[in-house]
(Lines of atoms letter the chains of each structure in order from A and count residues from 1; the text may use other names and numbers.)
(Lines give C-alpha, C1' and ligand atoms only; values in the text may rest on other atoms or scores of the structure.)
Protein backbone atom coordinates (compact mmCIF):
# COMPACT_ATOMS: atom_id res chain seq x y z
CA UNK A 1 0.00 0.00 0.00
CA UNK A 2 1.54 3.33 -1.03
CA UNK A 3 2.15 5.83 1.74
CA UNK A 4 0.42 9.19 1.62
CA UNK A 5 2.87 12.08 1.88
CA UNK A 6 2.28 15.00 4.22
CA UNK A 7 2.88 18.59 3.09
CA UNK A 8 2.95 20.73 6.25
CA UNK A 9 1.42 21.33 9.66
CA UNK A 10 -1.61 23.58 9.48
CA UNK A 11 -2.04 24.19 13.21
CA UNK A 12 -1.48 22.64 16.59
CA UNK A 13 -2.95 23.26 20.02
CA UNK A 14 0.30 22.57 21.92
CA UNK A 15 3.84 21.57 21.08
CA UNK A 16 7.18 21.36 22.84
CA UNK A 17 10.09 23.49 21.67
CA UNK A 18 12.19 20.39 21.00
CA UNK A 19 9.50 17.86 20.15
CA UNK A 20 7.47 20.06 17.82
CA UNK A 21 4.63 19.02 15.53
CA UNK A 22 6.84 19.26 12.40
CA UNK A 23 8.58 16.07 13.54
CA UNK A 24 5.54 14.11 12.34
CA UNK A 25 6.39 15.13 8.76
CA UNK A 26 9.85 13.54 8.85
CA UNK A 27 9.54 9.97 7.76
CA UNK A 28 13.03 8.68 8.58
CA UNK A 29 13.89 10.33 11.88
CA UNK A 30 10.93 9.18 14.02
CA UNK A 31 11.10 12.26 16.14
CA UNK A 32 8.30 12.84 18.60
CA UNK A 33 5.56 15.40 18.95
CA UNK A 34 4.76 16.24 22.54
CA UNK A 35 2.69 18.75 24.43
CA UNK A 36 4.34 21.88 25.75
CA UNK A 37 3.57 21.16 29.41
CA UNK A 38 2.49 18.20 31.48
CA UNK A 39 -1.09 17.89 32.67
CA UNK A 40 -2.91 18.94 29.47
CA UNK A 41 -5.97 16.76 29.04
CA UNK A 42 -6.24 17.10 25.25
CA UNK A 43 -3.89 18.19 22.45
CA UNK A 44 -4.46 18.24 18.70
CA UNK A 45 -2.61 18.85 15.44
CA UNK A 46 -3.90 19.44 11.89
CA UNK A 47 -1.84 18.04 8.99
CA UNK A 48 -2.19 18.97 5.32
CA UNK A 49 -1.81 16.19 2.70
CA UNK A 50 -0.20 16.68 -0.70
CA UNK A 51 -3.49 16.06 -2.45
CA UNK A 52 -6.87 14.56 -1.85
CA UNK A 53 -6.44 10.87 -1.11
CA UNK A 54 -8.59 8.01 0.03
CA UNK A 55 -7.18 6.80 3.34
CA UNK A 56 -7.09 3.00 3.47
CA UNK A 57 -5.11 2.37 6.69
CA UNK A 58 -3.36 4.29 9.45
CA UNK A 59 -0.22 3.42 11.47
CA UNK A 60 0.18 5.30 14.76
CA UNK A 61 3.13 5.18 17.14
CA UNK A 62 2.21 6.35 20.61
CA UNK A 63 4.28 8.43 23.03
CA UNK A 64 2.36 8.45 26.30
CA UNK A 65 -1.17 9.19 25.04
CA UNK A 66 -4.05 7.23 26.50
CA UNK A 67 -6.49 7.81 23.61
CA UNK A 68 -6.04 8.89 19.98
CA UNK A 69 -8.78 10.01 17.55
CA UNK A 70 -8.37 10.84 13.83
CA UNK A 71 -10.72 13.20 11.97
CA UNK A 72 -10.66 14.29 8.30
CA UNK A 73 -11.90 17.22 6.24
CA UNK A 74 -11.28 19.07 2.98
CA UNK A 75 -9.41 22.34 2.90
CA UNK A 76 -11.57 23.55 0.03
CA UNK A 77 -14.72 22.94 2.02
CA UNK A 78 -14.88 26.51 3.25
CA UNK A 79 -13.22 25.92 6.60
CA UNK A 80 -9.65 26.78 5.66
CA UNK A 81 -7.11 26.77 8.40
CA UNK A 82 -9.82 27.75 10.87
CA UNK A 83 -12.28 25.04 10.00
CA UNK A 84 -14.96 24.56 12.63
CA UNK A 85 -15.44 21.27 14.36
CA UNK A 86 -18.61 20.40 12.43
CA UNK A 87 -16.65 20.24 9.18
CA UNK A 88 -14.59 17.29 10.42
CA UNK A 89 -15.74 13.74 10.04
CA UNK A 90 -14.52 10.91 12.22
CA UNK A 91 -12.21 8.52 10.35
CA UNK A 92 -10.89 6.60 13.36
CA UNK A 93 -12.92 6.51 16.53
CA UNK A 94 -11.19 7.19 19.82
CA UNK A 95 -8.84 4.24 20.30
CA UNK A 96 -7.05 3.23 23.47
CA UNK A 97 -3.25 3.05 23.50
CA UNK A 98 -2.65 2.86 27.26
CA UNK A 99 -4.78 1.54 30.09
CA UNK A 100 -5.30 3.62 33.26
CA UNK A 101 -2.81 1.51 35.20
CA UNK A 102 -0.22 1.81 32.43
CA UNK A 103 -0.75 5.56 32.30
CA UNK A 104 -0.20 6.00 36.03
CA UNK A 105 2.87 3.74 36.11
CA UNK A 106 4.31 5.00 32.82
CA UNK A 107 4.68 1.52 31.32
CA UNK A 108 4.36 0.74 27.59
CA UNK A 109 4.22 4.38 26.44
CA UNK A 110 5.39 3.62 22.87
CA UNK A 111 2.80 1.11 21.73
CA UNK A 112 2.30 0.93 17.94
CA UNK A 113 -1.12 0.14 16.48
CA UNK A 114 -2.00 -0.41 12.82
CA UNK A 115 -5.59 0.26 11.83
CA UNK A 116 -6.78 -1.43 8.65
CA UNK A 117 -9.88 -0.61 6.62
CA UNK A 118 -12.07 -2.68 8.94
CA UNK A 119 -11.11 -0.45 11.90
CA UNK A 120 -11.93 2.82 10.11
CA UNK A 121 -15.35 4.38 9.69
CA UNK A 122 -16.53 3.05 6.35
CA UNK A 123 -18.42 6.18 5.27
CA UNK A 124 -15.35 8.39 5.77
CA UNK A 125 -12.86 5.83 4.45
CA UNK A 126 -14.60 5.64 1.07
CA UNK A 127 -14.18 9.38 0.42
CA UNK A 128 -11.14 11.45 -0.46
CA UNK A 129 -9.63 13.98 1.96
CA UNK A 130 -6.66 16.32 2.08
CA UNK A 131 -6.59 17.41 5.71
CA UNK A 132 -6.28 15.28 8.85
CA UNK A 133 -6.76 16.24 12.48
CA UNK A 134 -5.28 14.06 15.22
CA UNK A 135 -6.59 14.46 18.77
CA UNK A 136 -4.66 12.94 21.71
CA UNK A 137 -5.74 12.82 25.34
CA UNK A 138 -4.29 11.58 28.63
CA UNK A 139 -6.76 11.99 31.52
CA UNK A 140 -5.06 9.52 33.86
CA UNK A 141 -1.59 11.03 34.32
CA UNK A 142 -0.42 14.60 34.80
CA UNK A 143 3.24 13.89 35.50
CA UNK A 144 4.79 14.12 32.03
CA UNK A 145 3.88 15.54 28.61
CA UNK A 146 2.53 13.18 25.98
CA UNK A 147 2.02 13.01 22.22
CA UNK A 148 2.86 10.76 19.26
CA UNK A 149 6.04 9.16 17.95
CA UNK A 150 4.89 8.95 14.32
CA UNK A 151 1.80 8.66 12.14
CA UNK A 152 1.52 7.11 8.67
CA UNK A 153 -1.40 7.17 6.24
CA UNK A 154 -1.75 4.65 3.41
CA UNK A 155 -3.86 4.80 0.26
CA UNK A 156 -5.71 1.76 -1.14
CA UNK A 157 -3.47 -0.82 -2.85
CA UNK A 158 -3.32 -1.12 -6.62
CA UNK A 159 -5.35 -3.77 -8.41
CA UNK A 160 -2.26 -5.89 -9.11
CA UNK A 161 -1.32 -5.87 -5.45
CA UNK A 162 -4.87 -6.71 -4.42
CA UNK A 163 -5.08 -9.72 -6.77
CA UNK A 164 -1.71 -11.25 -5.73
CA UNK A 165 -1.76 -11.90 -1.99
CA UNK A 166 1.60 -10.96 -0.51
CA UNK A 167 3.02 -10.77 2.94
CA UNK A 168 3.20 -6.97 2.91
CA UNK A 169 -0.24 -6.86 4.49
CA UNK A 170 0.94 -8.66 7.60
CA UNK A 171 4.43 -7.16 8.01
CA UNK A 172 5.01 -3.46 7.32
CA UNK A 173 8.49 -1.96 7.14
CA UNK A 174 8.76 1.42 8.81
CA UNK A 175 12.28 2.67 8.19
CA UNK A 176 14.61 0.16 9.81
CA UNK A 177 11.81 -1.53 11.77
CA UNK A 178 9.35 -4.21 10.77
CA UNK A 179 5.97 -3.79 12.44
CA UNK A 180 3.60 -6.72 12.45
CA UNK A 181 0.02 -5.82 11.68
CA UNK A 182 -2.56 -6.59 14.31
CA UNK A 183 -4.72 -9.62 13.88
CA UNK A 184 -8.21 -8.92 12.65
CA UNK A 185 -9.67 -10.81 15.58
CA UNK A 186 -7.57 -8.97 18.17
CA UNK A 187 -9.73 -7.12 20.60
CA UNK A 188 -8.98 -3.46 21.27
CA UNK A 189 -8.42 -2.21 24.77
CA UNK A 190 -11.94 -1.10 25.58
CA UNK A 191 -13.81 -1.25 28.90
CA UNK A 192 -15.12 -4.79 29.33
CA UNK A 193 -13.29 -6.17 26.27
CA UNK A 194 -11.24 -8.65 28.28
CA UNK A 195 -14.33 -9.85 30.12
CA UNK A 196 -16.31 -10.47 26.93
CA UNK A 197 -13.35 -12.18 25.25
CA UNK A 198 -13.10 -14.55 28.20
CA UNK A 199 -16.78 -15.45 27.85
CA UNK A 200 -16.34 -16.04 24.12
CA UNK A 201 -13.35 -18.31 24.72
CA UNK A 202 -15.21 -20.46 27.24
CA UNK A 203 -18.29 -20.73 25.04
CA UNK A 204 -16.22 -21.64 21.97
CA UNK A 205 -14.26 -24.22 23.95
CA UNK A 206 -17.48 -25.85 25.17
CA UNK A 207 -18.94 -25.85 21.66
CA UNK A 208 -16.01 -27.76 20.18
CA UNK A 209 -15.95 -31.45 19.33
CA UNK A 210 -15.72 -34.29 21.86
CA UNK A 211 -14.13 -33.35 25.15
CA UNK A 212 -10.56 -34.38 25.93
CA UNK A 213 -9.75 -37.33 28.13
CA UNK A 214 -10.36 -37.09 31.85
CA UNK A 215 -7.59 -37.00 34.42
CA UNK A 216 -7.79 -40.75 35.00
CA UNK A 217 -7.61 -41.46 31.26
CA UNK A 218 -4.69 -39.08 30.89
CA UNK A 219 -2.89 -40.84 33.74
CA UNK A 220 -3.49 -44.22 32.10
CA UNK A 221 -2.20 -42.99 28.74
CA UNK A 222 0.88 -41.47 30.33
CA UNK A 223 1.65 -44.70 32.19
CA UNK A 224 1.32 -46.66 28.93
CA UNK A 225 3.70 -44.24 27.20
CA UNK A 226 6.13 -44.54 30.10
CA UNK A 227 6.05 -48.35 30.05
CA UNK A 228 6.65 -48.43 26.30
CA UNK A 229 9.56 -46.01 26.63
CA UNK A 230 11.07 -48.06 29.48
CA UNK A 231 10.78 -51.30 27.48
CA UNK A 232 12.74 -49.76 24.63
CA UNK A 233 15.35 -48.35 27.01
CA UNK A 234 16.21 -51.84 28.33
CA UNK A 235 18.42 -52.38 25.30
CA UNK A 236 20.36 -49.21 26.08
CA UNK A 237 21.45 -50.29 29.57
CA UNK A 238 20.09 -51.03 32.98
CA UNK A 239 21.38 -47.72 34.37
CA UNK A 240 18.59 -45.79 32.64
CA UNK A 241 15.74 -47.62 34.42
CA UNK A 242 15.63 -45.63 37.67
CA UNK A 243 15.60 -42.35 35.76
CA UNK A 244 13.02 -43.23 33.10
CA UNK A 245 9.95 -43.91 35.22
CA UNK A 246 10.13 -40.85 37.54
CA UNK A 247 10.35 -38.54 34.53
CA UNK A 248 7.10 -39.94 33.16
CA UNK A 249 5.31 -39.42 36.48
CA UNK A 250 6.71 -35.98 37.00
CA UNK A 251 5.91 -34.56 33.58
CA UNK A 252 2.35 -35.90 33.49
CA UNK A 253 0.63 -32.71 34.61
CA UNK A 254 3.08 -30.33 32.96
CA UNK A 255 3.29 -31.45 29.35
CA UNK A 256 1.02 -34.41 28.63
CA UNK A 257 0.72 -33.73 24.91
CA UNK A 258 4.51 -33.92 24.44
CA UNK A 259 4.74 -37.20 26.31
CA UNK A 260 2.06 -39.04 24.30
CA UNK A 261 4.03 -39.60 21.06
CA UNK A 262 7.11 -40.69 23.03
CA UNK A 263 6.84 -44.35 22.03
CA UNK A 264 10.46 -44.24 20.90
CA UNK A 265 13.07 -43.22 23.47
CA UNK A 266 13.08 -39.54 22.57
CA UNK A 267 13.72 -38.61 26.19
CA UNK A 268 16.60 -41.05 26.28
CA UNK A 269 19.52 -38.76 25.38
CA UNK A 270 18.92 -36.19 28.15
CA UNK A 271 18.34 -38.90 30.75
CA UNK A 272 21.44 -40.78 29.61
CA UNK A 273 23.73 -37.77 29.54
CA UNK A 274 23.00 -36.47 33.03
CA UNK A 275 23.75 -39.65 34.98
CA UNK A 276 27.19 -39.77 33.31
CA UNK A 277 28.19 -36.81 35.42
CA UNK A 278 27.19 -38.38 38.74
CA UNK A 279 27.54 -42.16 38.35
CA UNK A 280 31.35 -42.31 37.84
CA UNK A 281 31.94 -40.05 40.84
CA UNK A 282 30.02 -42.30 43.20
CA UNK A 283 31.91 -44.94 45.09
CA UNK A 284 31.00 -48.63 44.58
CA UNK A 285 29.78 -48.91 48.14
CA UNK A 286 27.44 -45.93 47.76
CA UNK A 287 26.14 -47.29 44.45
CA UNK A 288 25.53 -50.71 45.97
CA UNK A 289 23.70 -49.14 48.89
CA UNK A 290 21.47 -47.02 46.66
CA UNK A 291 20.41 -49.93 44.41
CA UNK A 292 18.43 -51.90 47.02
CA UNK A 293 16.94 -48.66 48.34
CA UNK A 294 15.59 -47.88 44.89
CA UNK A 295 14.08 -51.36 44.54
CA UNK A 296 12.56 -51.31 48.01
CA UNK A 297 10.87 -47.91 47.60
CA UNK A 298 9.63 -47.54 44.01
CA UNK A 299 7.01 -45.02 45.10
CA UNK A 300 9.66 -42.44 46.00
CA UNK A 301 11.55 -41.71 42.80
CA UNK A 302 12.79 -38.32 44.00
CA UNK A 303 15.09 -39.72 46.74
CA UNK A 304 18.39 -40.17 44.98
CA UNK A 305 17.16 -41.94 41.82
CA UNK A 306 16.52 -38.92 39.61
CA UNK A 307 19.40 -37.00 38.00
CA UNK A 308 20.46 -33.85 39.73
CA UNK A 309 19.60 -31.58 36.82
CA UNK A 310 16.02 -32.82 36.61
CA UNK A 311 15.24 -32.15 40.27
CA UNK A 312 14.98 -28.38 40.09
CA UNK A 313 13.72 -27.57 36.62
CA UNK A 314 13.04 -24.12 35.23
CA UNK A 315 9.47 -24.26 36.53
CA UNK A 316 10.78 -24.57 40.11
CA UNK A 317 13.34 -21.75 39.85
CA UNK A 318 11.28 -19.41 41.99
CA UNK A 319 11.02 -21.95 44.82
CA UNK A 320 14.71 -22.81 45.26
CA UNK A 321 15.36 -20.22 48.00
CA UNK A 322 11.77 -19.97 49.20
CA UNK A 323 11.64 -18.88 52.83
CA UNK A 324 15.09 -17.25 52.73
CA UNK A 325 15.43 -13.54 53.60
CA UNK A 326 18.80 -12.12 52.51
CA UNK A 327 20.65 -8.91 53.37
CA UNK A 328 23.62 -7.66 51.29
CA UNK A 329 26.71 -6.00 52.70
CA UNK A 330 29.94 -4.76 51.13
CA UNK A 331 28.88 -4.98 47.46
CA UNK A 332 28.81 -2.16 44.92
CA UNK A 333 26.61 -1.65 41.90
CA UNK A 334 26.15 -3.05 39.32
CA UNK A 335 27.16 -6.36 40.92
CA UNK A 336 24.98 -5.64 43.97
CA UNK A 337 21.84 -5.31 41.87
CA UNK A 338 22.71 -8.41 39.85
CA UNK A 339 23.19 -10.45 43.02
CA UNK A 340 19.92 -9.15 44.48
CA UNK A 341 18.01 -9.93 41.28
CA UNK A 342 19.35 -13.48 41.20
CA UNK A 343 18.35 -14.05 44.82
CA UNK A 344 14.85 -12.70 44.14
CA UNK A 345 14.57 -14.84 41.02
CA UNK A 346 15.38 -17.90 43.11
CA UNK A 347 12.46 -17.11 45.45
CA UNK A 348 14.29 -15.34 48.28
CA UNK A 349 13.18 -12.08 49.88
CA UNK A 350 15.43 -9.02 50.19
CA UNK A 351 15.84 -6.62 53.10
CA UNK A 352 18.08 -3.53 52.94
CA UNK A 353 18.94 -3.88 56.65
CA UNK A 354 19.00 -6.77 59.09
CA UNK A 355 15.54 -7.46 60.54
CA UNK A 356 14.26 -10.15 62.94
CA UNK A 357 12.96 -12.21 60.02
CA UNK A 358 16.27 -12.09 58.10
CA UNK A 359 17.99 -15.46 57.69
CA UNK A 360 21.22 -14.87 55.73
CA UNK A 361 23.69 -12.00 55.44
CA UNK A 362 25.58 -12.20 52.14
CA UNK A 363 28.81 -10.39 52.91
CA UNK A 364 31.60 -9.41 50.53
CA UNK A 365 34.28 -9.30 53.22
CA UNK A 366 34.57 -9.25 56.99
CA UNK A 367 34.55 -6.28 59.38
CA UNK A 368 31.69 -4.39 57.72
CA UNK A 369 29.13 -2.67 59.99
CA UNK A 370 26.42 -5.17 59.07
CA UNK A 371 28.89 -8.01 59.53
CA UNK A 372 29.62 -6.94 63.10
CA UNK A 373 25.92 -6.39 63.82
CA UNK A 374 24.80 -9.79 62.53
CA UNK A 375 27.75 -11.54 64.15
CA UNK A 376 26.73 -10.07 67.50
CA UNK A 377 23.12 -11.12 66.98
CA UNK A 378 24.15 -14.66 66.07
CA UNK A 379 22.93 -14.54 62.47
CA UNK A 380 24.24 -16.59 59.59
CA UNK A 381 26.84 -14.91 57.34
CA UNK A 382 27.63 -16.51 53.96
CA UNK A 383 29.68 -15.64 50.90
CA UNK A 384 28.22 -14.51 47.60
CA UNK A 385 29.14 -17.83 45.96
CA UNK A 386 26.18 -19.47 47.72
CA UNK A 387 23.63 -17.50 45.67
CA UNK A 388 25.70 -17.72 42.48
CA UNK A 389 26.12 -21.51 42.74
CA UNK A 390 22.43 -22.03 43.57
CA UNK A 391 21.53 -19.96 40.50
CA UNK A 392 24.02 -21.80 38.30
CA UNK A 393 23.06 -25.32 39.41
CA UNK A 394 19.32 -24.50 39.64
CA UNK A 395 19.01 -26.14 43.06
CA UNK A 396 19.42 -25.22 46.71
CA UNK A 397 22.86 -25.88 48.18
CA UNK A 398 23.70 -26.15 51.89
CA UNK A 399 24.81 -22.76 53.11
CA UNK A 400 27.23 -24.25 55.64
CA UNK A 401 29.75 -24.76 52.84
CA UNK A 402 29.83 -21.00 52.26
CA UNK A 403 29.81 -19.79 55.87
CA UNK A 404 31.96 -16.81 56.78
CA UNK A 405 30.72 -16.70 60.39
CA UNK A 406 27.55 -17.06 62.40
CA UNK A 407 25.31 -19.93 63.42
CA UNK A 408 25.69 -23.30 61.71
CA UNK A 409 23.29 -25.57 63.56
CA UNK A 410 22.28 -28.86 62.07
CA UNK A 411 18.62 -27.86 62.01
CA UNK A 412 19.37 -24.91 59.75
CA UNK A 413 21.53 -27.09 57.56
CA UNK A 414 18.70 -29.55 57.18
CA UNK A 415 16.51 -26.73 55.96
CA UNK A 416 19.13 -25.81 53.38
CA UNK A 417 19.30 -29.36 52.03
CA UNK A 418 16.34 -30.16 49.85
CA UNK A 419 15.03 -33.77 50.06
CA UNK A 420 17.07 -36.19 48.08
CA UNK A 421 20.15 -34.05 47.72
CA UNK A 422 22.18 -35.30 50.65
CA UNK A 423 22.59 -38.78 49.25
CA UNK A 424 23.91 -37.54 45.95
CA UNK A 425 26.13 -34.87 47.46
CA UNK A 426 27.74 -37.29 49.90
CA UNK A 427 28.64 -39.88 47.27
CA UNK A 428 30.98 -37.63 45.26
CA UNK A 429 32.47 -36.33 48.52
CA UNK A 430 33.30 -39.78 49.82
CA UNK A 431 34.73 -41.00 46.56
CA UNK A 432 37.05 -37.99 46.41
CA UNK A 433 38.03 -38.02 50.03
CA UNK A 434 39.40 -41.55 50.48
CA UNK A 435 42.21 -41.52 47.91
CA UNK A 436 43.20 -38.00 48.88
CA UNK A 437 43.42 -38.91 52.54
CA UNK A 438 45.63 -41.90 51.81
CA UNK A 439 47.92 -39.89 49.57
CA UNK A 440 48.25 -37.14 52.13
CA UNK A 441 49.13 -39.44 55.01
CA UNK A 442 51.76 -41.18 52.89
CA UNK A 443 53.22 -37.88 51.69
CA UNK A 444 53.32 -36.46 55.20
CA UNK A 445 55.80 -39.11 56.33
CA UNK A 446 56.97 -39.77 59.89
CA UNK A 447 57.54 -36.07 60.52
CA UNK A 448 53.90 -35.12 59.86
CA UNK A 449 52.31 -33.02 62.61
CA UNK A 450 49.13 -35.11 62.44
CA UNK A 451 48.53 -37.93 64.90
CA UNK A 452 50.47 -41.06 63.83
CA UNK A 453 48.62 -44.31 63.08
CA UNK A 454 49.21 -46.34 66.23
CA UNK A 455 48.06 -49.96 66.47
CA UNK A 456 45.36 -49.05 68.98
CA UNK A 457 44.00 -46.33 66.76
CA UNK A 458 44.00 -48.40 63.62
CA UNK A 459 41.81 -51.05 65.26
CA UNK A 460 39.14 -48.50 66.15
CA UNK A 461 37.44 -48.27 62.72
CA UNK A 462 34.69 -50.70 61.81
CA UNK A 463 35.98 -54.07 60.58
CA UNK A 464 33.41 -54.16 57.76
CA UNK A 465 35.16 -52.94 54.59
CA UNK A 466 32.03 -52.68 52.48
CA UNK A 467 30.44 -50.08 54.80
CA UNK A 468 33.67 -48.19 55.28
CA UNK A 469 32.78 -45.33 52.99
CA UNK A 470 29.42 -44.77 54.65
CA UNK A 471 30.85 -44.72 58.15
CA UNK A 472 33.59 -42.36 57.06
CA UNK A 473 31.02 -40.02 55.57
CA UNK A 474 29.07 -40.02 58.82
CA UNK A 475 32.20 -39.37 60.84
CA UNK A 476 33.24 -36.49 58.62
CA UNK A 477 29.76 -35.01 58.81
CA UNK A 478 29.87 -35.29 62.56
CA UNK A 479 33.15 -33.45 62.65
CA UNK A 480 31.84 -30.69 60.41
CA UNK A 481 28.73 -30.25 62.50
CA UNK A 482 30.77 -30.30 65.66
CA UNK A 483 32.95 -27.54 64.28
CA UNK A 484 29.99 -25.32 63.55
CA UNK A 485 27.54 -25.77 66.41
CA UNK A 486 27.87 -25.91 70.15
CA UNK A 487 25.80 -29.05 70.77
CA UNK A 488 27.00 -32.46 71.94
CA UNK A 489 29.88 -30.98 73.92
CA UNK A 490 30.06 -33.93 76.31
CA UNK A 491 30.37 -36.41 73.46
CA UNK A 492 32.99 -34.21 71.84
CA UNK A 493 35.06 -34.02 75.03
CA UNK A 494 34.77 -37.76 75.53
CA UNK A 495 35.91 -38.42 71.97
CA UNK A 496 38.89 -36.07 72.31
CA UNK A 497 39.91 -37.75 75.57
CA UNK A 498 39.78 -41.17 73.93
CA UNK A 499 41.91 -39.94 71.05
CA UNK A 500 44.49 -38.54 73.45
CA UNK A 501 44.64 -41.84 75.33
CA UNK A 502 45.12 -43.70 72.07
CA UNK A 503 47.88 -41.31 71.00
CA UNK A 504 49.84 -41.63 74.24
CA UNK A 505 52.32 -44.52 73.90
CA UNK A 506 52.75 -46.81 76.92
CA UNK A 507 55.47 -45.62 79.26
CA UNK A 508 58.68 -47.68 79.31
CA UNK A 509 58.52 -50.32 81.96
CA UNK A 510 54.75 -49.87 82.40
CA UNK A 511 54.11 -53.57 81.89
CA UNK A 512 57.15 -54.53 83.90
CA UNK A 513 59.24 -55.25 80.81
CA UNK A 514 62.63 -53.90 79.82
CA UNK A 515 62.23 -51.70 76.72
CA UNK A 516 65.72 -52.71 75.57
CA UNK A 517 65.21 -56.43 76.05
CA UNK A 518 63.05 -56.88 72.96
CA UNK A 519 64.08 -58.92 69.98
CA UNK A 520 65.67 -57.20 67.00
CA UNK A 521 64.57 -59.82 64.52
CA UNK A 522 62.59 -58.78 61.47
CA UNK A 523 58.85 -59.27 61.36
CA UNK A 524 57.57 -62.51 59.99
CA UNK A 525 55.32 -62.76 56.97
CA UNK A 526 52.23 -63.12 59.12
CA UNK A 527 53.01 -59.97 61.10
CA UNK A 528 53.75 -57.98 57.98
CA UNK A 529 50.50 -59.05 56.37
CA UNK A 530 48.44 -58.10 59.42
CA UNK A 531 50.03 -54.64 59.57
CA UNK A 532 49.47 -54.09 55.85
CA UNK A 533 45.79 -54.99 56.16
CA UNK A 534 45.15 -52.33 58.80
CA UNK A 535 43.23 -49.33 57.34
CA UNK A 536 44.90 -45.93 57.24
CA UNK A 537 43.19 -43.44 59.58
CA UNK A 538 41.38 -40.66 57.80
CA UNK A 539 42.25 -37.00 58.28
CA UNK A 540 39.53 -34.34 58.70
CA UNK A 541 38.82 -32.20 55.65
CA UNK A 542 37.53 -28.96 57.14
CA UNK A 543 39.60 -26.97 54.60
CA UNK A 544 37.79 -28.59 51.67
CA UNK A 545 36.71 -26.05 49.06
CA UNK A 546 38.90 -23.29 50.51
CA UNK A 547 41.76 -21.71 48.54
CA UNK A 548 44.86 -20.33 50.29
CA UNK A 549 47.77 -18.15 49.22
CA UNK A 550 51.01 -17.74 51.22
CA UNK A 551 52.28 -14.14 51.05
CA UNK A 552 55.61 -12.78 52.20
CA UNK A 553 58.45 -14.33 54.18
CA UNK A 554 58.02 -16.91 56.93
CA UNK A 555 60.63 -17.69 59.63
CA UNK A 556 62.36 -21.06 59.56
CA UNK A 557 60.40 -23.97 58.14
CA UNK A 558 57.04 -22.32 58.86
CA UNK A 559 56.14 -22.17 55.16
CA UNK A 560 56.69 -25.92 54.83
CA UNK A 561 54.47 -26.58 57.88
CA UNK A 562 51.70 -24.36 56.55
CA UNK A 563 51.77 -26.11 53.17
CA UNK A 564 51.63 -29.49 54.92
CA UNK A 565 48.70 -28.52 57.17
CA UNK A 566 46.63 -26.97 54.38
CA UNK A 567 47.23 -29.98 52.12
CA UNK A 568 46.52 -32.49 54.91
CA UNK A 569 43.14 -30.93 55.70
CA UNK A 570 42.07 -30.98 52.03
CA UNK A 571 42.69 -27.30 51.31
CA UNK A 572 43.99 -25.96 48.01
CA UNK A 573 47.09 -23.77 47.67
CA UNK A 574 47.34 -21.24 44.87
CA UNK A 575 50.70 -20.38 43.33
CA UNK A 576 49.69 -16.79 42.65
CA UNK A 577 46.98 -14.34 43.65
CA UNK A 578 43.83 -15.11 41.64
CA UNK A 579 40.07 -14.72 41.96
CA UNK A 580 39.82 -18.17 43.56
CA UNK A 581 41.89 -17.17 46.61
CA UNK A 582 39.80 -16.77 49.77
CA UNK A 583 42.44 -16.64 52.51
CA UNK A 584 45.84 -14.91 52.40
CA UNK A 585 48.18 -16.27 55.09
CA UNK A 586 50.95 -13.85 56.02
CA UNK A 587 53.32 -13.30 58.92
CA UNK A 588 53.70 -9.60 58.12
CA UNK A 589 51.72 -6.60 59.28
CA UNK A 590 49.14 -4.80 57.15
CA UNK A 591 50.49 -3.94 53.71
CA UNK A 592 49.02 -1.26 51.37
CA UNK A 593 48.95 -3.96 48.70
CA UNK A 594 46.19 -5.64 50.69
CA UNK A 595 43.88 -2.67 50.05
CA UNK A 596 44.36 -3.01 46.30
CA UNK A 597 43.65 -6.74 46.54
CA UNK A 598 40.46 -6.03 48.50
CA UNK A 599 39.28 -3.63 45.80
CA UNK A 600 39.58 -6.39 43.21
CA UNK A 601 38.31 -9.24 45.43
CA UNK A 602 36.24 -7.98 48.40
CA UNK A 603 35.82 -11.51 49.81
CA UNK A 604 39.53 -11.86 50.70
CA UNK A 605 40.52 -12.52 54.31
CA UNK A 606 44.06 -11.84 55.58
CA UNK A 607 44.94 -14.16 58.48
CA UNK A 608 48.01 -15.09 60.49
CA UNK A 609 49.62 -18.55 60.47
CA UNK A 610 48.40 -19.07 64.03
CA UNK A 611 44.91 -19.76 62.63
CA UNK A 612 46.17 -22.82 60.75
CA UNK A 613 48.02 -24.08 63.83
CA UNK A 614 44.95 -23.60 66.04
CA UNK A 615 42.75 -25.50 63.58
CA UNK A 616 45.26 -28.34 63.67
CA UNK A 617 45.31 -28.40 67.47
CA UNK A 618 41.51 -28.37 67.80
CA UNK A 619 41.05 -30.67 64.78
CA UNK A 620 38.22 -28.48 63.50
CA UNK A 621 37.63 -25.22 61.63
CA UNK A 622 37.88 -22.17 63.88
CA UNK A 623 36.62 -18.63 63.05
CA UNK A 624 39.36 -16.83 61.17
CA UNK A 625 38.23 -13.41 62.37
CA UNK A 626 40.11 -13.93 65.65
CA UNK A 627 43.40 -14.23 63.73
CA UNK A 628 42.88 -11.54 61.08
CA UNK A 629 45.42 -8.97 59.93
CA UNK A 630 43.85 -5.51 60.14
CA UNK A 631 45.21 -2.03 59.32
CA UNK A 632 47.00 -0.21 62.08
CA UNK A 633 45.09 2.68 63.59
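Glycine residues also receive a Cβ, built from the backbone N, Cα and C atoms like all the rest.
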Candidate ranges 85-106, 107-128, 129-150, 151-172; Swiss-Prot annotation region 'Disordered' resolves to 151-172
Rounded mean pLDDT within the domain 'BRCT 2' (538-629) lands at 85
Between residue 144 (phosphoserine) and residue 372 (phosphoserine), how far is it from one CA atom to the other, in Å?
45
